[in-house]
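Novice: Before anything else, here's the structure in question.
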Amino acid sequence: MRQNHYAVIMAGGIGSRFWPMSTDAFPKQFHDVLGTGKTLIQQTFSRLNKTIPAENILVVTNSAYKSLVAEQLPEMKEAHILCEPSRRNTAPCIAYAAMHIKSQCKDATMIVAPSDHLIMDENEFSRIIEKGMQHAEQSHDLVTLGIKPSRPDTGYGYIQFKDGDKEGEIKPVKTFTEKPNLELAKSFIKSGDFYWNSGIFIWTVNDILQRFEQHLPEMFQLFADEESKFAGPEEEKAIESIYQNCTNISIDYGIMENDKNVSVVLSDFGWSDLGTWGSLYGHVQQDEDKNAIVGKKVQMYDSEGCMVSVPQDKLVVLQGLKDYIVVESNGVLLVCKKKEEQRIKQFLADVKSKKLV
């Protein structure tokens with residue numbers, strides 16, 4: 001492990017498509033979604049700690065979740081939990097983390113990873129990280145991890161790469177495409193030069209801050225004006241002031257899609273963003289009728305292809321269901337067709353508007 005290698009875990013999201021388990025007060029990254037005994041953020045920390053020293057791992061989260069992070073990651077120092085006063089998407093989050101790290105290590109290289117992803121082959125993930133960090137340091141490119149697609153999924157962004165070096169794992173990025181329709185996704189898969197965008201990034205702190213100055217100069221200046229206060233007693237107050245004036249924009253829209261020097265590491269380590277109940281379905285052990293069940297007392301009759309997640313001690317009997325999502329959590333029961341799961345976000349908005357939750 002190298003002492004100038006850092007990791008940033010982004011843990012401020014709500015995961016509204018994972019409702020009713022994921023809520024504003026207790027988002028999905030703090031749940032043991034897979035029934036493994038570890039929450040998603042605990043798995044993420046453990047995975048990154050295989051290549052990054054524990055003292056160099058930071059979490060950026062909403063201030064409302066600081067106590068949850070501290071409780072679930074007791075090995076983390078309080079100073080390594082960076083709290084955002086409001087949600088401003090991933091660009092401000094990454095600028096904050098980069099400035100904080102630079103104040104401690106001017107030649108740092110950092111990996112940025114969401115807190116709620118699933119990665120099955122952690123040894124391969126570690127190998128890819130090390131390869132990506134080496135490339136970022138040598139080339140000064142912004143590096144993203146692309147995932148070999150297994151299906152034409154409309155829920156993911158896509159990265160198209162230039163295939164100059166047929167054998168290499170690292171390619172120059174040609175285009176980014178946000179969540180295409182099904183026909184376009186099918187054409188991407190057929191072409192062979194598109195990978196899924198994992199939302200996992202690697203760069204040196206100096207390179208990413210230089211790109212902020214180039215592509216998001218107003219945001220960069222907000223952080224640069226307060227540079228002397230990072231990693232000190234005045235950081236929290238400075239961040240409150242900065243975030244009041246920060247644009248709400250993702251790192252993808254703000255920087256990655258506009259930069260000319262972006263590389264993708266072609267990866268295949270059993271990845272899922274676990275963005276929906278349907279994506280979880282493919283990663284939970286299934287019975288002979290292809291029902292994926294999280295819960296010890298679930299009895300299925302004449303049912304197939306269902307995703308069921310209920311409290312471990314809850315007796316649930318289901319009959320005659322095909323390709324349904326059944327979830328009970330936080331006093332809410334959700335029953336929804338798998339193919340309609342993109343509507344869950346709207347269901348949540350509706351029940352909130354009616355003040356039912």
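Glycine too: its Cβ is placed from the backbone N, Cα and C atoms.
Not measured: the values here are computed from a predicted model.
OK, TrEMBL features for this one:
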DOMAIN    7-288  domain 'Nucleotidyl transferase'
DOMAIN    302-347  domain 'MannoseP isomerase/GMP-like beta-helix'
Novice: Counting by DSSP, what is the helix, strand and coil composition of the domain 'MannoseP isomerase/GMP-like beta-helix' (302-347)?
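Specialist: Counting residues by DSSP class gives 10 helix, 21 strand, 15 coil.
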Novice: The domain 'MannoseP isomerase/GMP-like beta-helix' (302-347): mean pLDDT?
Specialist: 96
